[in-house]
Amino acid sequence: MKATIIFFLVAQVSWAGPFQQKGLFDFMLEDEASGIGPEERFHEVPELEPMGPVCPFRCQCHLRVVQCSDLGLEKVPKDLPPDTALLDLQNNKITEIKDGDFKNLKNLHTLILINNKISKISPGAFAPLVKLERLYLSKNQLKELPEKMPKTLQELRVHENEITKVRKSVFNGLNQMIVVELGTNPLKSSGIENGAFQGMKKLSYIRIADTNITTIPQGLPPSLTELHLDGNKITKVDAASLKGLNNLAKLGLSFNSISAVDNGSLANTPHLRELHLNNNKLVKVPGGLADHKYIQVVYLHNNNISAIGSNDFCPPGYNTKKASYSGVSLFSNPVQYWEIQPSTFRCVYVRAAVQLGNYK
């Protein structure tokens, strides 16, 4: 029985004719022979549904994310999907942001324009972005901050540009702003208007590192918790420069030319937990550290400190409510470490938290 079935299948295969490639003309002849016209054949094909938003040429689109980075683009692509939430245009050759480049992008939350050649942004370019929260413009050629930024903005990063001025009017109405990054710009203290950041009531983080400023910017908002001013040309810290910063928890002033921290200056930052003053020109430990209730980390290495008093870091006695230090760095100072009293670091959490080392 099995042999009979196999024979039958082989016979069927042997009867099958060879495959013949058919062209459009062959199908037309078949239609003519069968009496079916072209219009009747294609009438049976159901109409296609309208296509959704088209992804720009060479870009990649997925789940409201449009990635157009590293494509050598010289301008913003047209016809971006209106539901885009994140638009990545970094590492291109875009030179200008024009009005209408972001039209209809009412759902955009994040715009990445890092590492282009942008030198001009039209005043109304960001107007359609009514939900924008994060704007990244670092590594471009901007000489000024963009005007009329969306009031929903929470994070602005514009480091490594050519910005020389920060006008107070630029930040007007940006009440949701939390982070501002302006480092590595040719900024001078005279280029930052007094109170330029004051109107941003929720501002928590400012970084203006590696610029030419010589003083701490005035009129900083009391909401600030982190202030990073490393790598500048600041020479002094006085009480007025830190006035009103009651919520400041981290202060970065390393790699400046600071020779003195005036008495009472640190009292204006009662919640300070971390202080970076390494790589400066200090000749003594800043006053007021012993009175700070919360400070836990102090970097003072690579200065000119030649003596350390027994009460420079800790209040008198041992039964205090001061937080214990978790890190104190004093290496690379011309201090005679064997002259330091054993009780000097009585409020340090563990002995290993103190870094002394040799002066070179």
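Placement of Cβ uses the backbone N, Cα and C atoms for every residue, glycine included.
What you see is a predicted model, and the numbers here were worked out from it, not measured in a lab.
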Swiss-Prot annotation, disulfide partner among Cys59, Cys61 for Cys68: Cys59
Non-local residues, at least 6 beyond the ends, that sit with Cβ under 8 Å of the repeat 'LRR 12' (336-360): 301, 306-310, 312-315, 318, 320, 322, 324-330
